[in-house]
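Working notes, structure below.
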Amino acid sequence: MSDPKPTRSQGDLAEMLEMLLDKGVVVNADIAVSVGDTELLGIELRAAIASFETAAEYGLEFPTGTDMERVESAANISPDQSDPASETQSETESTNPLSDDSTPTASTSAEETK
């Protein structure tokens, strides 16, 4: 009898990771721990996973200290395209497939912050 062989190659994982970072994905998770009818613990998780280049294209928020010039040059976008204050809410909603109503993004307009 022959030894079992893996059905997946390492290339599959690399390709999947490349696609995930290239396209991006939003993770929404609601976790509740209950005993009977009493909820003891509730966790709401909202996360966007994407490469810096993809996140810059869609206007997602970056951590403090991120070298924005490097991100903008890697994503081939101009600084005014990545500035969230320069976008309107309608432009953001129509061009941002990574976000939904419950997912926070950096693309807030000046009208939203007032």
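The backbone N, Cα and C atoms fix where each Cβ goes, glycine too.
Summarising the annotation, Swiss-Prot assigns compositional bias 'Polar residues' to 75-98.
The compositional bias 'Low complexity' annotation in Swiss-Prot covers 99-114.
In the predicted model, the region 'Alpha helix 1' (13-22) has a mean pLDDT of 85. What Swiss-Prot lists as region 'Alpha helix 1' is 13-22, and the listing cites a curator's inference.
Annotation source Swiss-Prot lists region 'Beta-strand 1' at 25-35. Break the region 'Beta-strand 1' (25-35) down by DSSP state and the numbers are 0 helix, 11 strand, 0 coil.
For the region 'Beta-strand 2' (40-50), residue counts in helix, strand and coil come to 0 helix, 10 strand, 1 coil, using DSSP. Marked as region 'Beta-strand 2' by Swiss-Prot on the basis of a curator's inference: 40-50.
Under DSSP, residues within the region 'Alpha helix 2' (52-72) fall into helix, strand and coil as 12 helix, 0 strand, 9 coil. Summarising the annotation, Swiss-Prot assigns region 'Alpha helix 2' to 52-72 and lists a curator's inference as the type of evidence.
Residues annotated as region 'Disordered' in Swiss-Prot: 63-114.
According to Swiss-Prot, the region 'Alpha helix 3' annotation covers 78-87.
Residues annotated as region 'Alpha helix 4' in Swiss-Prot, with a curator's inference given as evidence: 95-105.
The motif 'Conserved in GvpM1/2 but not GvpA' annotation in Swiss-Prot covers 46-50 and rests on an author's statement.
Per DSSP, the region 'Alpha helix 1' (13-22) is made up of 10 helix, 0 strand, 0 coil.
Under 8 Å from some Cβ of the region 'Alpha helix 1' (13-22) lie the Cβ atoms of residues 49-51, 54, all in the same chain and six or more residues away from its ends.
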